[in-house]
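Some features that TrEMBL has for this protein:
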DOMAIN    1-114  domain 'Thioredoxin'
DISULFID  Cys33-Cys36  disulfide bond
DOMAIN    328-436  domain 'Thioredoxin'
DISULFID  Cys379-Cys382  disulfide bond
Amino acid sequence: KEEDNVLVLHEHNFARALSEHQLLLVEFYAPWCGHCQQLAPAFAQAATELRNESSPARLGKVDATAQTALATEFGITSYPTLKLFRDGNRTHPLAYTGRMDSKGIVRWMQRRAGPSATLLQDTNTAAAFISSQDLVVVGFFKDLKGEAAQAFFEVAAEMVDMTFGVAEAAELFQAYGLSADTVCLFKKFDERQTNFPVDPARGLDTAELTQLLRVHSLQLVMEFTNETSNQIFSAKIPHHMLLFLNKSSSEQLLLQDGFRAAAGGFRGEVLFVVVDVTGHGADVLPFFGMTPADAPTLRLVKMENNRKYQMEQDNFSDSAIRTFIQAVLDGKVKPHLLSAEPPEDWDTRPVKVLVGKTFEQVAFDETKNVFVKFYAPWCPHCQAMAAAWEELAERYKDREDIVIAEMDSTANELENITIHGFPTLHYFPAGPGRKV
């Protein structure tokens with residue numbers, strides 16, 4: 001049975017569907033799940049597009065709440081879960097890793113169905129292929145059946161947002177100045193050709209190549225915009241160096257030169273980003289406790305814990321920027337912690353109001369048991385529990401040894417406590433030893 005070109009699968013027809021379709025992407029869903037309902041039209045559209053281009057790839061769906069044996073067999077614990085079954089094999093389905101929209105699903109399936117990289121036969125085809133996009137990846141392999149080439153095809157099948165070609169002709173190795181197996185990234189910006197030679201002993205590591213391509217496909221200096229923000233955050237680069245500018249000032253625009261000159265030496269470790277404080281970048285200013293008037297200024301952010309680092313005074317020369325970054329990487333610079341000013345009446349109401357600069361003396365007071373709610377003003381969960389927190393404080397307001405407090409984590413940061421979600425509650429018991 002089909003609905004909108006999507007096969008409706010259940011325990012009795014599952015095996016047959018696998019035997020009839022060499023590539024079957026199955027969505028395990030729950031009828032009540034909002035994300036599944038949201039995905040449904042895109043999933044159906046992708047099924048129709050694949051059908052229309054007579055692709056061997058088909059899409060199917062399983063109501064995992066009704067087909068419990070299938071849900072158990074494939075270890076379905078959340079919805080929607082998408083798995084790809086190849087060549088009738090039901091023991092090792094592949095997890096879907098593409099985007100959850102119709103274009104993402106179609107491209108991912110096309111890469112799985114056909115060769116994931118275009119074979120380039122001669123210099124003219126290769127030149128046309130390379131100039132067809134801003135960025136293409138070409139794998140040069142002496143043996144397209146070898147392990148390195150197979151690993152390359154696997155990477156190409158996963159990275160559907162890039163275009164991949166492959167070459168084995170000797171004249172192509174010669175044309176691009178190569179003598180051994182190499183993966184090349186061709187770009188119309190920054191460096192034109194970047195070579196990643198395949199290590200003859202270790203072969204090609206798919207995770208390593210994926211990360212290298214991700215890092216090198218980004219521009220050396222990114223501008224933070226609506227279009228690039230997703231790339232910037234998904235690049236998995238551990239540090240971001242930010243230059244905050246007012247782009248309407250020609251004087252400030254000149255500061256990009258030194259910034260750019262410093263970027264090359266830190267590729268893959270530090271991503272350089274220009275933030276226009278009057279444009280899309282205005283949204284991130286509160287995160288740094290800044291206003292547009294603070295531009296031009298520099299900040300380095302450690303992505304794993306959102307620690308922010310600030311130069312003593314801003315110096316925009318490339319050597320100063322390099323020295324500053326190196327000092328942060330070597331652990332020689334203390335993070336710059338945000339703190340609001342304590343309100344005048346911070347301790348007169350039952351719930352005490354803590355800020356970065358007063359936190360230490362209150363929370364680690366050895367004579368008191370301190371219970372702190374770390375919240376964000378915009379967070380609905382925090383708003384929902386506010387009344388209960390007030391009530392708790394009211395109940396203990398006459399106890400000298402108990403303090404119920406709260407801290408706005410969007411305006412205050414602490415050196416040794418990182419808050420990952422809101423609200424977060426930490427209890428600091430009385431006594432020595434700074435227990436949390």
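The chain as shown is numbered from 1 upward.
The backbone N, Cα and C atoms fix where each Cβ goes, and this holds for glycine too.
Small disclaimer: the values here were computed from a predicted structure and weren't measured.
A map of TrEMBL features onto the structure.
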residue: Cys33; record: disulfide bond; Cβ contacts under 8 Å, 6 or more apart: Tyr79, Pro80
residue: Cys36; record: disulfide bond; Cβ contacts under 8 Å, 6 or more apart: Glu27, Tyr29, Ala30, Tyr79, Pro80
residue: Cys379; record: disulfide bond; Cβ contacts under 8 Å, 6 or more apart: Phe422, Pro423
residue: Cys382; record: disulfide bond; Cβ contacts under 8 Å, 6 or more apart: Lys373, Tyr375, Ala376, Phe422, Pro423
Tally of residues which DSSP labels helix, strand or coil - the domain 'Thioredoxin' (1-114): 44 helix, 27 strand, 43 coil
